[in-house]
Amino acid sequence: MASGAKAPTRAAARVTLLLVTVLGTMSNNVVNVPLRSIARDLDAPLSAAVLCVSAFVLALAIAMPVAGWLGDRIGMKQTLVWSLALMLTSQCLAALAPSLPALVALRAVQGLACSAVPPMVMGLLGIFYPERRLEVMGAWAAANGIGQAIGPPVGGLVSDLLGWRAIFVAIAAFCAVVLVLTWTLVPRVPHSRSRFDLRGAVLLTGGVGLVLVAATTVSQRASAVLAVTEVASGLLMLLGYVRVSRGRATAMIPLPVLFESRFLRSAAAAFGQMFCLGTVLVALPLFFTGPLGMSGAVAGVLFFVLPAMMAVSAPVVSRLSRAFGPRTMLRLGLLVLVGGGGATGVIADGGEGTATTVGLTVMLVLLGFGMALVQTPAAAGATSSPAGRYGAAVGLYSMVRFSGSAVAAAWVALAYPTGSMVALFLACSLLAALALAASYLGRDPVPTMTSTGVSRSTGRD
């Protein structure tokens, strides 16, 4: 279905795809608040329970390029439907998990299922609304914010009332509804019959996967030799991908597309933003339910303000981006994260009274606005670059985004037990600063297509 399809059909598909996004985001963060309950009930240390978060995000990030290629190969709708079916099954099984290792494994399966959601949703929205890319990416960002907003309070409330296992039952029910809507309301779109670049897929996903696994290895205080070996092996595989893909038009992601400046700076900004979000999503619920002594439900409701701010700000950011340029908004958002990360750590280390709670609430609002300023322009930049024509490249962008979350979860597992919230959140400032520096990489060096189909070059993004 192209942009000329009937408006009601496009509208129904858009709403359904945004619901899929909410589901995927909720599936990611719904267990963050009840992590202490999960650790206690399954007789495991809290640092091990954090693997419930890490396993989901690791599998999600690693599989995204392959999920994007599957969308190109068998169709985006078909890939999305199969992923939702796998998600439904794994949510039901997670409710019955007998041990923490079993739960962690099922969370990894959920992440694998969810790996198709971002590239398929972003790709389909771009196909259905090519002339309104900033607007639909703003809507997508708002849906992400809504999922982030309702996941923690739903997880905390359901866990307090019915136990943490009921969380997976609730998500399974939501998944069943979304699966039916996707099957009936989202049209199929034409797809290619491209060959599967097996070598490229193994080298790219394996390389990124080993680097991310190394971060988790370090967070669990396992062998340093093992972690170094994983990093070295991962980097060698990534170099291998560059070598085997050089000069090949049939590569999983052609290198000129991969190294185009607009795609690179969008991916760097997304990584920094998601690292900040992932750190906040894991560390502050632990801080609220630990030193501040809040119940899971209260912590979830208080935490609501950050993702709610992201959701409310998304349409505003779209309008500001049209007025002042997406890259200007992206840089402003990264500046907010640079300052807000360090300030959050200072406030958290300042005590355990009402002033700390109020201060952290204010910072959640500020950080939510900063993340919204980054999320929409970064997504619009990635999907409007030449890489946006490749499902595998959109999957790679999504993989980089969620790699930020995976590294953040590992960082929290490593740094939170030290008790220094300043050190923990200064990492957010550092990553945001590096992403800000990367945003100055070059101009758009290649032609882009306007909504009328006319090719032009632009230096503004």
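Backbone N, Cα and C define each Cβ position, glycine as well.
Keep in mind the model is a prediction, meaning the values are calculated, not measured.
Annotated domain 'Major facilitator superfamily (MFS) profile' per TrEMBL: 13-447, in sequence order.
Feature annotation from TrEMBL assigns transmembrane segment to 12-31 (among others).
Residues or ranges marked as transmembrane segment by TrEMBL: 46-67 (among others).
Summarising the annotation, TrEMBL assigns transmembrane segment to 79-97 (among others).
What TrEMBL lists as transmembrane segment is 109-129 (among others).
The transmembrane segment annotation in TrEMBL covers 166-186 (among others). Outside the transmembrane segment (166-186) by six or more residues, the chain places 12-13, 15-17, 19-20, 23, 26-27, 30-31, 34, 77, 80-81, 84-85, 87-88, 91-92, 94-95, 124, 154-155, 158-159 with a CB less than 8 A from a CB of the stretch.
Sequence annotations record features per position, and here TrEMBL assigns transmembrane segment to 198-218 (among others). Within the same chain, residues 51, 54, 58, 61-63, 65-66, 69, 224, 226-228, 230-231, 233-238, 240-241, 244-245, 251-253, 396, 399, 403, 406-407, 409-411, 413-414 sit at least 6 positions outside the transmembrane segment (198-218) and bring their C-beta atoms closer than 8 Å to a C-beta of that stretch.
Per TrEMBL, transmembrane segment is recorded for 224-242 (among others).
Residues annotated as transmembrane segment in TrEMBL: 263-288 (among others).
Long-range contacts of the transmembrane segment (329-348) within the same chain: residues 269, 272-273, 276, 279-280, 284, 287, 317, 320-321, 356, 359-360, 363, 366-367, 369-378, 381, 420-429, 432-433, 435-436, 439, each at least 6 residues beyond the stretch ends and with a Cβ under 8 Å from a Cβ of the stretch. What TrEMBL records for 329-348 (among others) is transmembrane segment.
The transmembrane segment annotation in TrEMBL covers 354-374 (among others).
Annotation source TrEMBL lists transmembrane segment at 394-416 (among others).
For 422-441 (among others), the entry in TrEMBL reads transmembrane segment.
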At an 8 Å Cβ cut-off, counting only pairs 6 or more apart in sequence, do the transmembrane segment (12-31) and the transmembrane segment (354-374) clear the bar of 3 or more pairs? no
Among 224-242, 263-288, 354-374, the most Cβ pairs under 8 Å with the transmembrane segment (394-416) come from 263-288
Counting Cβ pairs closer than 8 Å to the transmembrane segment (354-374), the top stretch among 46-67, 109-129, 224-242, 263-288, 422-441 is 263-288
Most Cβ pairs under 8 Å to the transmembrane segment (263-288), of 46-67, 109-129, 224-242, 422-441, goes to 422-441
Under 8 Å Cβ-Cβ from the transmembrane segment (109-129), and at least six residues away from its ends along the same chain, one finds 1-3, 5, 10, 13-14, 17-18, 20-21, 23-24, 27-28, 55-64, 66-68, 70-71, 76-77, 79-80, 82-84, 86-87, 90-91, 93-94, 135-137, 139-140, 186, 189, 379, 383, 388, 391, 394-395, 397-398, 401-402
Looking only at the domain 'Major facilitator superfamily (MFS) profile' (13-447), mean pLDDT returns 86
